[in-house]
Amino acid sequence: MNFTTYSPRSRYVDNSADALYGENGTINVSYSNMSMTGCNRIMIPNELFLSLGLVSLMENILVILAIIKNRNLHSPMYYFICCLAVSDMLVSVSNVVETLFMLLIDQGVLVVTYDILRLMDNVLDMMICSSVVSSLSFLVAIAADRYVTIFYALRYHNIMTTQRAVVIITAIWAASTISSTLFIVYYMNIAVIICLIAFFFAMLIFMAGLYLQMFTLAHIHSKRINAFQKLRHQQQATNMKGAVTLTILLGVFLVCWGPFFLHLTLIITCPSNPLCVCYFSHFNLFLILIICNSLIDPVIYAFRSQELRKTLKELLFCSCKERNAVL
């Protein structure tokens with residue numbers, strides 16, 4: 001892979017270069033010296049990748065259908081959540097397609113040329129790169145939406161209109177597509193990897209700042225609330241619930257994607273250091289964590305939103321009824 005060039009799963013693509021910096025600001029990394037460090041590549045069955053990918057794909061499809069079906073969920077925040085589910089789907093689809101290709105090639109059912117493999121690699125890597133950029137961006141969008149809801153409640157519907165939400169969504173997807181394309185084209189350039197890492201940490205710092213202000217001011221406001229402001233307090237509690245949900249989503253994202261971004265950071269800082277090379281050997285575990293992020297997010301949506309949970313139950317119940325009717 002390009003986006004996952006350093007992954008043991010990419011055994012069909014040439015990764016035989018030494019783990020050294022190349023010319024013109026490029027970088028070449030491989031596992032050719034891994035045996036010298038005493039670390040072995042951690043291999044995970046393709047069947048596990050496929051199973052997790054399929055479950056994640058179905059979960060996120062259900063979330064998207066539920067948001068589309070229930071008009072009560074037609075609000076900017078849920079539009080952003082829907083797009084976040086689409087971002088998770090990109091990871092699931094790329095994982096399922098790649099794993100199927102690998103299984104078919106292993107069994108000798110499918111025979112493809114190196115050029116086709118490289119092209120497929122580029123397309124799948126674009127999907128993963130677009131997923132991480134768009135996921136972070138939509139988490140920021142949801143954080144900004146909750147910030148406006150809490151501190152500009154009376155003006156919220158004037159500030160966060162459907163039209164503005166659509167513009168934000170369009171801009172995020174356009175930026176994600178362009179950036180992922182550039183990343184794949186120039187993936188061997190150190191500057192591109194640095195930009196991706198910088199984007200990751202910049203978004204985390206920005207959201208941390210929003211959270212700090214939201215929870216600090218909310219705590220101050222809660223002390224000033226009296227019986228006369230009970231209704232306002234209930235509204236604020238609802239808004240804070242959304243902020244807490246977002247905090248959980250961000251925490252899961254950080255846990256699941258953090259090891260991968262540390263992987264990229266080590267590629268830049270110490271590509272040939274024995275300890276770093278040992279860390280690289282765990283790459284398949286990092287991929288599993290990334291897939292688990294796509295798997296866990298829909299569970300968080302359903303657990304934290306009663307309305308969404310209700311709609312998901314209706315979708316599953318209707319599906320079961322139709323299947324029983326056919327049988």
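Every residue, even glycine, has its Cβ placed from backbone N, Cα and C.
The transmembrane segment annotation in TrEMBL covers 48-68 (among others).
What TrEMBL lists as domain 'G-protein coupled receptors family 1 profile' is 59-301.
Residues 9, 12, 46, 49-50, 52-54, 56-57, 60-61, 63-64, 67-68, 110, 112, 120, 124-125, 127-128, 130-131, 134-135, 138-139, 141-142, 145-146, 149, 162, 165-166, 168-169, 172-173, 242, 249, 287, 290-291, 293-294, 297-298, 301, 308 of the same chain lie 6+ residues outside the transmembrane segment (77-103) yet bring a C-beta within less than 8 angstroms of a C-beta in it. What TrEMBL records for 77-103 (among others) is transmembrane segment.
The transmembrane segment feature in TrEMBL is assigned to 123-144 (among others). Residues 1-4, 77, 80-81, 83-84, 86-88, 90-91, 93-94, 97-98, 168-169, 172-173, 175-177, 179-181, 183-184, 187, 196, 199-200, 203, 206-207, 210-211, 246, 249-250, 253, 257, 290 of the same chain lie 6 or more positions beyond the ends of the transmembrane segment (123-144) yet place their CB under 8 Å from a CB of it.
Residues 2-3, 76, 79-80, 83, 122, 125-127, 129-130, 133-134, 137-138, 141, 192, 196 of the same chain, all 6+ positions outside the transmembrane segment (165-184), place their C-beta atoms under 8 angstroms from a C-beta of that stretch. According to TrEMBL, the transmembrane segment annotation covers 165-184 (among others).
The transmembrane segment annotation in TrEMBL covers 190-221 (among others).
Per TrEMBL, transmembrane segment is recorded for 242-262 (among others).
Annotation source TrEMBL lists transmembrane segment at 282-303 (among others). Counting only same-chain residues 6+ beyond the ends of the transmembrane segment (282-303), those with a CB under 8 A from a CB of the stretch are 4, 6-9, 41-44, 48-49, 52-53, 55-56, 59-60, 62-63, 81, 84-85, 88-89, 91-92, 95, 128, 245, 248-249, 252-253, 255-257, 259-260, 263, 309, 312.
Away from its own ends, the transmembrane segment (48-68) comes close to residues 74, 78-79, 81-82, 85-86, 88-89, 91-93, 95-96, 98-100, 103, 287-288, 291-292, 294-295, 297-299, 301-302, 308, 311-312, 315-316 of its chain (Cβ-Cβ under 8 Å, at least six residues beyond either end). Tertiary proximity for the transmembrane segment (190-221) is limited to same-chain residues at least six positions away from its ends with a CB under 8 Å from its CB atoms, namely 21, 25-27, 129, 132-133, 136-137, 139-140, 143-144, 146-147, 150-151, 182-183, 236, 240, 243, 247, 250, 254, 257, 261, 264-265, 267-268.
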